[in-house]
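Below is one structure, written out as structure tokens; the observations come after it.
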Amino acid sequence: MKFVATLIACGLSGLALAAPTATVDSLGKRAADDAAFGYASLNGGTTGGAGGTTTTVSSYAAFTAAVSSDAKKVVYVSGPIKQSAKQVKVGSNTSIIGKDSTAVLEGFGLLVKEKSNVIIRNLGVKKVLAENGDAIGIQYSNNVWVDHVDVSSDRDHDKDYYDGLIDVTHAADYVTISNSYIHDHWKASLVGHSDNNGDEDKGHLRVTYANNYWSNINSRAPSLRFGTGHIYNSYFENVSDGINTRDGAQVLVESNQFVGSSKALYSTDDGYAVERDNDFGGAKNTALQGTLTTVPYSYSLLGSSKVKSAVVGVAGQTLKF
């Protein structure tokens, strides 16, 4: 794997960008690294089912049964599983890992609700109808790491035919979404579901987006309300409305490249952003100036000119277990 995000113990706070500059060649070691980074590394860290039971599943029934409890467990998905159904509820202390690129859930998604300490890695989730929920939904939960997933639908239908790809709502906290391929969708990723939910969401919704490849997206790449976001080392290709900061959200946007976007970074209803070393590809940054200049963990930046070569072909479901 050819991206980087330096991992630091969860107790660090207020660090400047002291980590060494990343190189494309240095990114390969992360493929086998099981430690969460970004906001998911804080608040005690995110270890998923490490140290628990191990199960391999290849059917909808077996998958649903395997992931539901709160006991420590690692659930490997072998091959595709297709089922038109509501989201499968995922228990705490769970790692869901696709064994290779054939591990794709089609027609149903995952719901992490009122849970903690969950890892979802190397998994495909696609074409989940709106009536069945998001591809990956995180609600009222903390310490969730979504890494190397491939989430998509299509844009052949209207914008309400599918729901979100990765939505973080209802005061969820300490979430990292990394190294993922997020593509072919109308409304991709939402942090904070409603302008009217500030009382619940304020002080929560801390989310890191790192090393992601966004492609053929209409909007919400991502959209953030009330919370705190850090978006870095990501490549945005043909994303109409990119990063939307709104309703008091504070977002730090660094080392990203945009190609074919009309609105790369913008505010709605007093959302704020600080941006550094971003190539907006001719699109405008119209976001209000924010105050988030540091985050309480260490990380390394590729530089906007190197993001495409490091992320495209590496982000997504590219690992093997």
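Using the three backbone atoms N, Cα and C, a Cβ is placed for every residue, glycine included.
Note that the structure is predicted; figures quoted are calculated from it, not measured.
Non-local neighbourhood of R220 (active site): G164, K187, A188, S189, L190, D241, N244, each in the same chain, at least six residues away, with C-beta under 8 Å from its C-beta. Swiss-Prot lists R220 with the feature active site, giving sequence analysis as the kind of evidence.
Residues or ranges marked as Ca(2+) binding site by Swiss-Prot on the basis of similarity to another entry: D134, D163, D167. The Cβ of D163 (Ca(2+) binding site) lies under 8 Å from the Cβ of V128, A130, G133, D134, A135, K187, each of these being in the same chain and 6 or more residues away along the sequence.
If you look up Swiss-Prot, you'll see N93 (among others) marked as N-linked glycosylation site, on the strength of sequence analysis. Annotation note: N93 (N-linked glycosylation site) sits in a coil segment as assigned by DSSP.
Cβ neighbour count for N238 (N-linked glycosylation site): 14 (other Cβ atoms within 10 Å of its Cβ, all protein chains included). Summarising the annotation, Swiss-Prot assigns N-linked glycosylation site to N238 (among others) and lists sequence analysis as the type of evidence.
Feature annotation from Swiss-Prot assigns signal peptide to 1-18; the stated evidence is sequence analysis.
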Which are the residues of the chain, D134, D163, D167 excluded, whose CB is within 8 A of where the CB atoms of the Ca(2+) site average out, their centroid?
G109, G133, A135, I136, G137, G164, L165, I166, L190
Return the residues near N93 (N-linked glycosylation site) by Cβ distance under 8 Å, restricted to its own chain and a separation of at least 6 in sequence.
G48, G49, G52, D70, A71, K72, K73, S116, N117, V118
